[in-house]
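**Student:** Just passing along the structure, written as structure tokens.
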Amino acid sequence: MLKLPQITGYLVSGIVCGPYLLGILSHESVSDLNIIEGACLAIIGLAAGAELHLSELSRSKRQVLGITFGICAATWALCYGAFEYTAAMLPKFANMDVAHVAAVASLGATLMMARSPASAIAVLKEMEGKGPFSSLVMAVVVVKDVVVIISYAVNVELIRVAILPTATDRPQLLSMVLPILSVALSISLGVCGGLVLAMALRSLPHPAMAGGAAAGAAGGAAAAAASNAFKLRQAVVLGVATATFQLAHHFDAEPLLACVTMGLVLVNRRHERADKDKEELHAMVVGIMGLTNVAFFGLAGASLKLGALTDMLSAALVVFFVRLGAIWLGSWLGCTATGTGAEYRRLFWMSMVTQAGVAMGLARLAGTRFPDWGPHFQTFMMAIILLNLLVGPPLFRQALVRVGEARAALGLLPVKDHGPRSLGAALGLGGGPGGSGVGPGGGGSGGLGGLKENGGTGEDGVGVDGVVQAAVGLVLGDHNQDKSDRDQ
């Protein structure tokens with residue numbers, strides 16, 4: 001009925017099973033299971049970076065960058081003030097000195113700029129969204145999340161330099177350049193990780209070739225060989241992404257930024273198999289995140305302190321409403337400055353509300369990185385993110401209907417069900433046609449990441465919801481798809 005994102009269900013399940021309700025998961029078990037959190041965050045970062053197709057963005061870069069800047073600037077400025085105001089309402093933050101409150105407010109305002117790409121894709125898939133508005137939304141969402149992750153890394157380093165005590169006296173010049181060095185190191189590790197992963201995938205048997213080699217024996221053997229080859233490649237993706245994340249963490253760089261850079265490198269390399277490699281990468285990420293999402297959001301729910309969460313609700317509502325106003329203002333300013341149409345100026349803000357994986361991941365990283373106030377900050381962020389997660393998807397659906405790009409709602413296209421056709425679907429971030437889930441026997445066409453204005457779904461071409469192609473159907477067992485679906 002409500003069509004809430006399925007990650008809401010994962011969070012609620014974690015809360016119910018956690019130590020504060022049923023107690024199925026104790027504090028100790030939640031702490032022990034946090035060892036897998038790095039792998040989950042690595043895949044979240046990789047998926048976010050894999051959405052950023054530079055060739056697609058170059059077509060409307062002035063509009064995308066203008067709107068992104070407007071939303072980010074307005075959101076950060078107004079939410080910073082909201083965090084400063086609400087600090088007095090929260091016991092842990094009320095006793096902090098001015099410098100600490102400013103650090104918390106800056107970090108919180110940075111996280112408020114985030115918007116979930118996967119949930120946007122899920123709503124577009126559900127509503128069969130296609131058109132210039134949908135394309136512009138996806139472009140801004142992806143660029144904005146990259147800006148957020150870089151800004152988060154800079155914020156963390158500034159907090160370390162200005163707030164945290166150090167065992168030795170660093171030269172002032174070194175302290176000033178540390179944030180820049182940290183970001184540069186994170187990007188360098190991500191580039192190296194992307195190149196290593198690309199070489200590793202090239203050296204492994206391709207699912208299509210593995211299936212073809214076994215085709216002479218029996219059809220079942222061919223399908224099994226293709227499935228095994230695909231799973232091996234998924235394991236390599238997970239392993240290299242996790243190693244990159246942990247390596248960045250070891251060198252005190254920003255792990256999520258490193259993984260975003262790795263995804264960006266993988267999908268923007270230019271070679272003869274570039275398009276097919278992008279499709280296969282998206283298919284592999286779909287399969288991995290179908291599993292890691294349950295673990296990550298379930299653990300996030302189990303680790304929430306319910307008493308503190310309810311105590312923070314009034315302050316969270318203040319920041320939530322200020323953020324809504326800031327997004328509206330930033331969208332209007334950005335659209336006006338770039339000459340975007342009046343209808344977009346009125347409605348664009350409705351597509352920018354939802355938060356999910358990236359925002360939660362950064363909040364949890366802050367919770368572990370700053371043990372003094374980090375856990376309270378994490379709980380406060382979770383309360384705000386949950387509100388955005390509940391309100392955002394319905395607003396985006398309404399915006400698509402108003403601009404006339406909700407094809408499923410308007411009955412403009414038949415909805416074909418080939419299983420999960422996007423990263424958002426496999427993440428469980430939306431209902432609607434197309435199904436959810438991953439694994440052998442699932443299947444499907446479609447996908448994520450395209451920003452082409454005349455793309456779309458079905459036979460219309462490759463667009464926001466039409467990139468994962470025949471490789472997905474072959475590996476996941478959908479051998480009955482016709483060739484036109486394979487060549488979307």
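Using the three backbone atoms N, Cα and C, a Cβ is placed for every residue, glycine included.
What you see is a predicted model, and the numbers here were worked out from it, not measured in a lab.
Feature annotation from TrEMBL assigns domain 'Cation/H+ exchanger transmembrane' to 2-390. The feature region 'Disordered' is assigned by TrEMBL to 434-463. As annotated by TrEMBL, transmembrane segment applies to 7-27, 33-52, 64-83, 136-154, 174-201, 208-230, 281-300, 312-335, 347-365, 377-396.
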**Student:** Any chance the transmembrane segment (347-365) and the transmembrane segment (33-52) have 3 or more Cβ pairs under 8 A, given the pairs are 6 or more apart in sequence?
**Tutor:** yes
**Student:** Between the stretches 7-27, 136-154, 312-335, which one has more Cβ pairs under 8 Å with the transmembrane segment (281-300) than any other?
**Tutor:** 7-27
**Student:** Which of 7-27, 136-154, 312-335 shares the most C-beta pairs under 8 angstroms with the transmembrane segment (33-52)?
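**Tutor:** Against the transmembrane segment (33-52), the leading stretch is 136-154.
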**Student:** Considering only Cβ pairs within less than 8 angstroms, which of the stretches 7-27, 64-83, 136-154 has the most against the transmembrane segment (312-335)?
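**Tutor:** Comparing 7-27, 64-83, 136-154: 64-83 has the most Cβ pairs near the transmembrane segment (312-335).
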**Student:** Based on Cβ pairs under 8 Å, which of the stretches 64-83, 136-154, 377-396 lies most in contact with the transmembrane segment (7-27)?
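**Tutor:** The listed stretch sharing the most Cβ pairs with the transmembrane segment (7-27) is 377-396.
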